[in-house]
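If you check Swiss-Prot, you get these features:
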TRANSMEM  28-50  transmembrane segment
TRANSMEM  232-251  transmembrane segment
TRANSMEM  264-286  transmembrane segment
TRANSMEM  341-360  transmembrane segment
TRANSMEM  373-392  transmembrane segment
TRANSMEM  431-453  transmembrane segment
TRANSMEM  466-488  transmembrane segment
TRANSMEM  530-552  transmembrane segment
TRANSMEM  565-582  transmembrane segment
TRANSMEM  620-642  transmembrane segment
TRANSMEM  657-679  transmembrane segment
TRANSMEM  700-722  transmembrane segment
REGION    817-836  region 'Disordered'
COMPBIAS  817-831  compositional bias 'Low complexity'
């Protein structure tokens, strides 16, 4: 049999490629990487220094040639410079007996304002002199007779940051002066004496004389936009950075390895645990509590569009948020669609889902086979992630994007290590830099960048032998600096430096060694130290401690990848250290650890499994520590911020169900420790079983044997059930959950639709049955109750500084709780029953009698039984289901009662029943006592008041006005969406339809209303916004008088929801000033003057 010969083998000689030839093949990429990378970095670094177009604004007065007051509240409080010229003859309008009521020729603040002399400039008549007062300093004074004489020409005044000076031109100092015969002038220096400007006000009228001039240069250094040169440089810088990264990618491909898929296999599949996490996050998006700063951030975002830059609206004299404002700019764009809470927080929900996707698809598989295959690790990771995210990240603060940024930075570093390529390192630098500048707490992301140094050095060392160092480093340098372009796109280097120096000087600016304050707050029984927040942090610390201990003891956690797990641990430790350098110390900053908490939870779950920790004793001790963490966490309140707290069980007390939960958990801790001791002394085996369990039982046992997973999911269940129960128990009254669910149906105005406002309390007064209106209040019995039995000052008791709350304080360390108009006082004319007490809420003294039990000197027992007042019909009661009595004093609820009767019972002098009032408000100030009409039988036709004051302490007294049934309208109907409103920063998210007053070109819009949170919230946030901090309160208190309007929360009548104040200008006829605008080009180093610091 013939065989076929095999074909001869032909050896093919392939061309060899040397390192030098390979470098030549990538020469273009190398050149592009070097040139584009270096130029991109240079342009990014130069961006803050490049010129901008600044809009200038000049406030000139008189306007329209007349003596007419104008409003121009400067957001920076002071002008960069101020020049005033007043002809001497202009003072003639202040002279003579016919002008006794006219005292101010010109001022920068209304003379009626409480702090007018302390803060502003007033050119006024004092007795027979004309005095120029600047910030409580009489700068120059001249007799009015000399001012109106022939020698006096004009008064000039100039103000700059370093000095202020004034002179009466033509007048000289008198013979008794220090320098007789010298020009009559005054000067102050060594301090910033520039006066605060909220407008130009005068008591004079008519045409303005020639030569009268007021010219203030408004500080508009932040009202700027990029010049064409800067815009071109920024565009070119981004393009060159992109080109450098493309070149770096080409150099990366020189290793000959095929491209690895970017997304993990089956990344789109959803399992049972994924479904549970998604369901919890979505439900929490609707019913969950928000963070305290959501209103702060939302208002900044809403106002920024009209303002032209992202100013810190509530503090620091309107300086910009940059370099931390880019995330808020995205929220400002998002707010164009809707300002409803569920819409504004939609990006936060997307970040939460992305965080879990990254943890479950990227982090857990990279931590090693033991973590990847452990169900306990997955459940613990999910529980830890949710335990941190739910209480800390369900709002508009930047912590969610920082938590996500830290995870993405770590993933990019790990991809760089796995592929030995540099492009992921460059991407990590971009993500890390954006995370770093998302907010002050972005400093926690520095750990994710630091852990990239080691892998970067290794890869650079390997690649530099082929391509050199510069082609590899230049693109990374460009990537690390490109974030300067969006940060400084419309601002200058000098402006940002001055803004940050101002914030540090004004404060709060706590030092690194003040970090203990954050943990003090964590262990306070307040929303800052609530059960949920305390457990989140303690569980994170426990997971970190276990992971570190096992890594140190065994070199690595058995079954885990050493490099990635060490880097996760390192990032967390560095992040905790970096948090020490944040200028404020609040517990919501811990939200940046949400992603790391899930990752560490997975590591800790593996670290305490039987495979890694074989000792049953040690595993039991760990379980005892977890139970102790639960006990320590439940030694607090289940409290949340502001409206999120409505209806929440145990919101003001430690949880208790038949017995104290914290005590029960502590006892359980002792029992588990006794079990650990038994394992140590008696059953000291490792506890491993030889029988092979079923797959289901193995999974169940793995989860049950992970106490951290059980604890975290119990807390998650507790939080979700608490807030869901709050929504159910509050219904039909307002709650966060109800409001968010209704927003799906188009009802997006939040609390404004449920707050009922009583504009005219006089209209709802009940009519006396028999006695005259003036006498009815004391017609039954009046012993020691008199029309003037009320102290002149009934200001609410101040609240002392609470431990740990040292970030914001006023000058005396006290925060008073009185609402404007409720602090009492006296009137010149007596009221209907002879009382001179000043009444709150626009009550008319001519129609409202008042009786009180207080007297000067020794107190005596007092009793009051009013006459009968006619109740409305049952149909009318349904339309206004509340009875109100305005009262003042300090008394127990049982000491003031409401009695009802039928006509027959009243005629016989008997009552058919009685009830106590709900006392909502701050004692001893005026407040509205409430009683639901539903508690009064439908057969009752008359009511009367009964008060009994047997306490003889001087501070214990009662003052009452007649009962009334309020006629109310919703706050949305009263305030509307058009009026400018001063929204306190706690309420911004709850009132999304109200328009916050804006600012533009350095001048604030004048608000007509102010909405405050509940008393405790108002006391906490008002110091943030005051004059010392450069906030809007320092403007409104000079420009307007605030009056509290009576208001109630629908179907939740006894709730202190907050307050509505009407803001009335001291000069009602003053119009907004017209500014003279212009545009100039400024360099990045230009500064007009120092920023005002107080």
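Positions of Cβ are set from backbone N, Cα and C atoms, glycine also.
The transmembrane segment (232-251) and the transmembrane segment (466-488) are in contact, since at least 3 Cβ pairs between them lie under 8 Å (pairs 6 or more apart in sequence). Against the transmembrane segment (565-582), stretch 431-453 shows more Cβ pairs under 8 Å than any other of 28-50, 341-360, 431-453, 620-642. Residues of the same chain lying 6 or more positions beyond the ends of the transmembrane segment (530-552) and with a Cβ under 8 Å from any Cβ of it are 384, 387-388, 390-392, 522-523, 565-566, 569, 572-573, 587-588, 590, 593, 596-597, 600-601, 603-604, 607-608, 612-613, 622, 625-626, 629-630, 632-634, 636-640, 655, 708, 711-712, 715, 718-719. Away from its own ends, the transmembrane segment (431-453) comes close to residues 323-324, 326-327, 397-399, 401-402, 405-406, 408-410, 412-413, 416, 425, 480-483, 487, 567, 570-575, 578-579, 581-584, 589, 591-593 of its chain (Cβ-Cβ under 8 Å, at least six residues beyond either end). Packing against the transmembrane segment (466-488) from elsewhere in the chain are residues 19, 22-23, 26, 29-31, 33-34, 36-38, 40-41, 43-45, 47-48, 234, 237-238, 240-241, 244-245, 247-248, 251, 254, 322-323, 325-326, 422, 425-427, 429-430, 433-434, 437, 456, 460, 496: each is 6 or more residues past its ends and has a CB under 8 Å from a CB in it. If you look at the transmembrane segment (341-360), the same-chain residues 6 or more away from its ends with a CB under 8 A from one of its CBs are 267, 273-274, 277-278, 281-282, 285-286, 290, 294, 298, 330-331, 334-335, 378, 381-382, 385, 389, 393-396, 400-401, 403-404, 407-408, 411, 594-595, 598-599, 602, 736, 739-740, 743-744, 750, 989-990, 992.
With DSSP classes pooled into helix, strand and coil, the tally for the region 'Disordered' (817-836) is 0 helix, 2 strand, 18 coil.
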